[in-house]
Amino acid sequence: MAGGAIVNTAGGKDYPGKLTLFVFFTCVVAATGGLIFGYDIGISGGVTSMDPFLQKFFPEVFHKKKEAKTNQYCKYDNQLLQTFTSSLYLAALVASFFAATVTRAFGRKWSMFGGGLTFLIGAALNGAAENVAMLIVGRILLGIGVGFANQSVPVYLSEMAPARLRGMLNIGFQLMITIGILAAELINYGTNKIKSGYGWRVSLALAAVPAGIITLGSLFLPDTPNSLLERGHADEARTMLRRIRGTEDIGEEYADLVAASEEARTVTHPWRNILKRRYRAQLTMAVAIPFFQQLTGINVIMFYAPVLFETLGFKGDASLMSSVITGLVNVFATVVSIFTVDRVGRRALFLQGGAQMIVCQVIVGSLIAGRFGTSGVGDMPKGYAAAVVLFICVYVAGFAWSWGPLGWLVPSEIFPLEIRPAGQSINVSVNMFFTFCIAQAFLTMLCHFKFGLFYFFAGWVVIMTVFIALFLPETKNVPIEEMVLVWKSHWFWNKFIADEDVHVGGNHLQMANNNNNGAARKAGVDA
């Protein structure tokens, strides 16, 4: 590759360079920002199923849970309990907008540092909580940390990675989320056995461990060349690009970065600019992908896994162990995505995972209907329960190699530099808003929709799978600063992008026009 850049299948270029040890370790450290998000997702459902926690903070739910004959669908239906879970995501939504300014003005690493530090304080407050107010204030601080980390980490990973390995390295963030979820579920399983009843405090306080990892780790991270150029440090950016690519032959890539940086400097109001017609495709994806990701129904499983399994007739430790099993599946299926995303592409994983989730949701809904009907009264034999867990695991696997990692990867790689922090903030805020909605409404929806809730989410997965098939072009192996060529080659989005809107380092517009039909077909869409 030393002779120069090579045109790739999507109409962009493959720059010279390799995966250096330096890039690998920086991406691993940055990806640990996903641990705080994952740990929180996994821990909240576990503690809300622990009797000592419910007795202290939510006695009404505790008494309903202990009633001999209660509607299985409704025993956890409590707005204050749902607020405990959901308040974090509302805080993350607001924080992501402030994080965009910090990320652009000071660099990606300081946004990660601020997120980790705030999460650390929230963990301490939650572990020491004596009333619901302390719990929720702690959750809000955790949410601010999540908002900053989720805004900056995916962008950092996409900017540091070589184009041909961007998917693999970016999915490291989702892998860390799944590891955080699994660690939380294992900790919940252990702390639930503490006889004196303070196990929930240990579970909540241990959130300080992943927070400490990203807080300290971010101090040692270098800035990305994109961020250095954006802030006017051209010589440092060139030096850093040589270091992360492991080659002196960076002329083509550096020229594209400079072109993107010069374009970015002309934009003083990225929030206003992102509404322009030429960014319609990116804005649509930044809203639609996180919106759809939450409507896969995954948070029904991940937030409330122990609660859900108890509702389905599992007891105490059995419900926590079932959630550990789904957590293990989540981790291993995410590893599958890491090794396939840059080979088979984003679209293939989206479409296959969507089909798998639809089938499993319909089966799980039908199995639950067969035992509990609409009354919610009944029990579940061991063999029947095992079948429910099996299909939930297959569903989780489908999510974990498709909408889970790709919901963060694709939005982080499609925005031009001039609107990238604003675009990622929209992605995070939409994600957090609908995560908040699902977290706040799920237990009430389960009470009223009953087994039909699984059919409800299956219907949404049908819609989002069709959306991907029609409107998302393939983005694998495309250099991040040349992504505009992919949109220019798409059968639908090309009408929003004028020729003069295409600015890259070399004269690639003619190539994009000449290869319009072929590139679109290779992206999986017939132009």
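Counting begins at 1 with the first residue displayed.
Placement of Cβ uses the backbone N, Cα and C atoms for every residue, glycine included.
Going by TrEMBL, these are the annotated features:
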- 26-476: domain 'Major facilitator superfamily (MFS) profile' (DOMAIN)
- 19-39: transmembrane segment (TRANSMEM)
- 86-103: transmembrane segment (TRANSMEM)
- 110-129: transmembrane segment (TRANSMEM)
- 135-157: transmembrane segment (TRANSMEM)
- 169-190: transmembrane segment (TRANSMEM)
- 202-221: transmembrane segment (TRANSMEM)
- 283-307: transmembrane segment (TRANSMEM)
- 319-341: transmembrane segment (TRANSMEM)
- 348-372: transmembrane segment (TRANSMEM)
- 384-404: transmembrane segment (TRANSMEM)
- 425-446: transmembrane segment (TRANSMEM)
- 452-472: transmembrane segment (TRANSMEM)
Determine which residues of the chain contact the transmembrane segment (425-446) at the Cβ level, with the cut-off under 8 Å and only residues 6 or more beyond its ends counted.
73-74, 76-79, 81-83, 85-86, 89-90, 92-93, 96-97, 99-100, 143, 146-147, 150-151, 274, 283, 286-287, 289-291, 293-295, 299-300, 303-304, 307-308, 311, 407, 411-412, 453, 456
For the transmembrane segment (110-129), find every same-chain residue at least 6 residues outside the stretch whose CB is under 8 Å from a CB in it, and list them.
30, 33, 36, 57, 99, 102-103, 135, 137-149, 151-153, 156, 201-202, 204-208, 210-216, 218-219, 221
Do you know the mean pLDDT across the domain 'Major facilitator superfamily (MFS) profile' (26-476)?
87
